[in-house]
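All remarks here apply to the structure that follows.
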Amino acid sequence: MIDNLLLGFQVALSWETLMFCFAGVSIGMFIGVLPGVGPLAAISMLLPLTYYISPTDALVMLAGIYYGAQYGGSVASILMRLPGTASSAVVCMDGYEMTKNGRAGAALFLSAVASFIGGSIGILLMAGFAPVLAEFALKFGSQEYFLLMALGLVAASTLSEGSAVRGLAMVVLGVLLGIVGLDITSGSMRFVYGQFELMDGVSLVASAMGLFGLGEIITNIGQGNRPAPSGKVTLRSMVPSKQELRDSLPAIWRGSAIGSFFGTLPGTGSTIASFFSYATEKKVARNRDRIGQGIVEGIAGPEAANNSAAQTAFIPTLTLGVPGDAVMALLLGAMIVHGVTPGPQMLAETPEMFWGLVASFWLGNLILLIFNIPMIGLWVSMLRIPYRLLYPAILVLVVIGTYSIRYSIFDIYQLLGFGVLGYVLRLLSFPAAPLVLGLVLGPLMEENFRRSLMLSDGDFSTFVTRPISGVLFGCIVLVFLVQIVPPLLRLMRKTPQNSSKEA
Amino acid sequence: MISRRFVLAAVGLSLLAGQAMAEDWPSKPVTMIVPYNPGGTTDNLARLAADAIAAAIGQPVVVENKPGAAGVVGATLAAGAPNDGYTIFFGNNATNVVQPLINPNVSYDPLDSFDGVATTADAVVFVGVGAGTGMTDLDGFVSYLKANKTKFGSAGVGSMGQFSATYFLQETGTEAKHIPYQGSNNAVAAILSGEIEFMVDPAVTRQIDSDKMNVIAALSEERHPAYDSVPTAKEQGYDLSLTGWFGIFAPEGTDPEIIAKMSAPLADLVASDAYQDQVLKMGLLPTYRDAAATDAVVEKDLEVFTAIRDSAGISIN
């Protein structure tokens with residue numbers, strides 16, 4: 001492995017490759033900061049240009065855009081409650097609260113550090129165990145996917161602050177919205193009303209941007225003026241306290257583990273990873289009682305998770321030739337056009353490319369970290385831009401970003417609809433994050449549930465008899481019990497006391 | 001009377017205008033609608049074709065991506081565009097033949113809404129079989145299908161993968177269960193993990209070197225030059241032939257002279273070494289058909305796919 005990594009760094013440190021790496025991660029970060037504009041649009045626009053450079057340089061740059069966007073995505077989430085990418089939607093909750101508490105600098109700093117550590121762990125796993133991890137991922141069939149998603153929903157049913165019933169209601173609403181579109185299992189069009197754009201389902205980006213971003217803007221207009229965040233950026237406000245650092249480290253480890261796992265599974269990815277990490281923090285973080293009120297774990301965990309997922313997502317793509325999401329499919333296409341065939345032979349046939357990529361990932365992460373910290377002051381000072389100038393500009397960016405996903409005016413209407421919904425939900429104090437989670441997990445769950453039963457000819461025992469599915473089922477039961485038993489015990493302890501009093 | 005004369009004059013004028021239009025064309029940039037996101041296979045081919053046409057006609061050809069609903073969003077837009085030669089469409093057999101066949105909401109017709117301009121590439125369909133079956137050729141696999149309960153994957157009801165596999169099963173007189181996945185890549189992963197047994201889809205070519213999948217046959221007339229280790233079905237004694245294609249269409253009624261001006265440079269493009277090289281690398285076959293041959297392939301596929309649809313009852317509703 002050391003030899004391989006040396007070979008990789010030889011490739012990645014060549015002056016040209018380093019330049020393309022730098023270009024890639026800077027573009028990625030910038031794209032990530034812009035609300036709604038995702039790496040998919042940026043990579044597809046730059047793809048034709050890369051036909052004129054060497055395959056390794058091309059991939060180093062395009063991959064840099066992909067993981068660079070994960071760094072940038074949290075900036076707008078933290079500062080303005082506006083997710084830059086769907087995977088940073090959860091960071092809005094604690095990130096924006098920290099900004100309101102005047103800790104924007106510290107939040108951004110922690111998010112950069114968590115991203116770096118998460119990304120580095122993902123890269124280490126990729127360097128050391130890519131083929132093994134790919135084998136492991138293949139052990140997850142439809143049954144396991146379904147149970148994983150179910151576990152996520154059970155664990156996250158109380159994702160946000162406040163009433164559990166409200167959170168659950170929002171998860172259900174999200175799952176229901178996820179039903180819209182062409183059902184691949186039966187070929188029926190559900191709630192499409194002859195609108196072709198709805199055949200592909202409700203837009204995830206439009207919902208995240210609308211519920212969080214637009215909802216926030218409308219709320220602020222309603223309140224007349226935004227509560228002025230303390231705009232002064234001193235070095236002190238930028239550096240997290242020792243206690244904050246100590247609290248966030250365990251969250252970073254947990255987030256990295258969760259992210260690395262979901263990145264490896266094709267079809268899941270950084271958005272699901274960050275939600276799972278947040279749900280975990282809600283249960284185990286030291287400050288879990290105050291989650292949603294601006295605690296560092298709520299930022300560090302999900303940020304480490306989505307960055308490590310962005311790195312390990314390369315494992316199935318490179319070692320199996322199976323891309324996990326749309327961006328990976330695009331990168332795979334780019335490799336093929338460049339004459340590189342990703343798959344089991346890639347490690348043996350083009351080792352300099354594989355290891356060059358791995359090394360460049362780490363250099364890219366390092367560049368992003370070094371690049372990000374001095375930028376914090378600049379980002380925070382954006383908060384001093386008067387509300388009447390900043391928000392119209394953001395509105396335009398959100399609309400452009402949503403449009404850029406598939407060049408569709410219809411998606412802008414969806415954005416507006418979700419904006420209004422987001423505002424109404426805030427007035428009624430219903431949390432928005434569980435809705436987005438339901439929208440992400442719902443369709444995946446349904447598809448895998450029905451496929452599992454098709455595969456087993458309708459036999460439900462398929463969910464417990466396979467080794468991994470059995471373990472997952474056990475986990476769900478455990479989580480369920482953990483949530484339900486303590487309140488029940490409390491109730492039971494109360495009842496005898498009450499009865500003895502009465503007696 | 002006046003009105004009749006007026007109508008006649010109007011008709012005459014419009015005929016003249018039509019004439020003038022073909023001679024003047026192109027006096028402004030041409031828009032090429034691509035019904036998928038940038039960066040994908042269809043988009044890559046479309047951009048190569050757009051550049052070739054632009055160089056020949058001396059006006060830019062602007063690619064406009066209108067993805068959504070498996071290509072139907074873009075195709076519907078193109079079918080409704082004026083037939084003045086300034087809007088053209090880069091489609092494939094899925095958008096132009098299969099979607100109108102299975103989706104009752106599609107408003108355009110494969111034959112009556114578009115005039116073929118040219119095709120620029122074909123997609124060879126391969127049969128990929130999970131290594132767990134132990135089968136390495138068609139004979140073996142067909143008898144495996146007859147002896148075992150088998151499952152095939154596709155990118156969902158109405159996808160090309162479902163059509164291709166159904167065709168394969170019909171022609172070999174075998175049966176298997178259809179398991180839909182979100183995209184053909186997830187179905188490929190399911191073969192690698194052993195969840196399903198096979199797939200009839202161009203996507204399996206990336207697994208030719210894999211020890212978890214055997215790619216046993218190409219459903220084409222000749223071996224694919226980039227994957228020449230895979231024998232054709234015909235070589236193995238099975239008369240199976242099914243290819244996808246990619247090509248340019250103009251809204252119905254576009255002047256044939258304008259169409260000819262666009263198809264001529266495409267013939268040169270497809271013959272060029274650089275194009276051949278790039279398209280083979282993408283796993284496709286560079287294949288040129290002129291306007292008449294493009295209309296003919298649509299007509300032929302319409303018959304083939306209607307037969308598959310009707311016998312298997314494939315539809316979305």
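Any Cβ shown, glycine's included, is placed from N, Cα and C.
Per TrEMBL, the features are as follows:
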| type | residues | note |
| --- | --- | --- |
| TRANSMEM | A:12-37 | transmembrane segment |
| DOMAIN | A:18-437 | domain 'DUF112' |
| TRANSMEM | A:49-69 | transmembrane segment |
| TRANSMEM | A:108-130 | transmembrane segment |
| TRANSMEM | A:136-156 | transmembrane segment |
| TRANSMEM | A:168-189 | transmembrane segment |
| TRANSMEM | A:318-341 | transmembrane segment |
| TRANSMEM | A:353-377 | transmembrane segment |
| TRANSMEM | A:389-409 | transmembrane segment |
| TRANSMEM | A:415-442 | transmembrane segment |
| TRANSMEM | A:463-485 | transmembrane segment |
Kindly say whether the transmembrane segment (A:318-341) and the transmembrane segment (A:415-442) touch, using the definition of 3 or more Cβ pairs under 8 Å where each pair is 6 or more positions apart.
no
Take the transmembrane segment (A:12-37) and find every residue of the same chain, 6 or more past its ends, with a Cβ under 8 Å from one of its Cβ atoms.
46, 53, 56-58, 60-73, 75-76, 82-85, 88, 205, 209, 213, 356-357, 359-360, 363-364, 367-368, 371-372, 394, 397-402, 404-405
Are there residues at least 6 beyond the ends of the transmembrane segment (A:108-130) whose Cβ is under 8 Å from a Cβ of it, and what are they?
1, 4-5, 67, 70-71, 74-75, 78-79, 91, 95, 238-240, 244-245, 248, 251-252, 255-257, 259-260, 263, 296, 299-301, 303-312, 314-315, 318-319, 347, 355, 358, 361-362, 365-366, 368-369, 372-373, 376, 379-380
Integer average pLDDT (0 to 100) for the domain 'DUF112' (A:18-437):
87
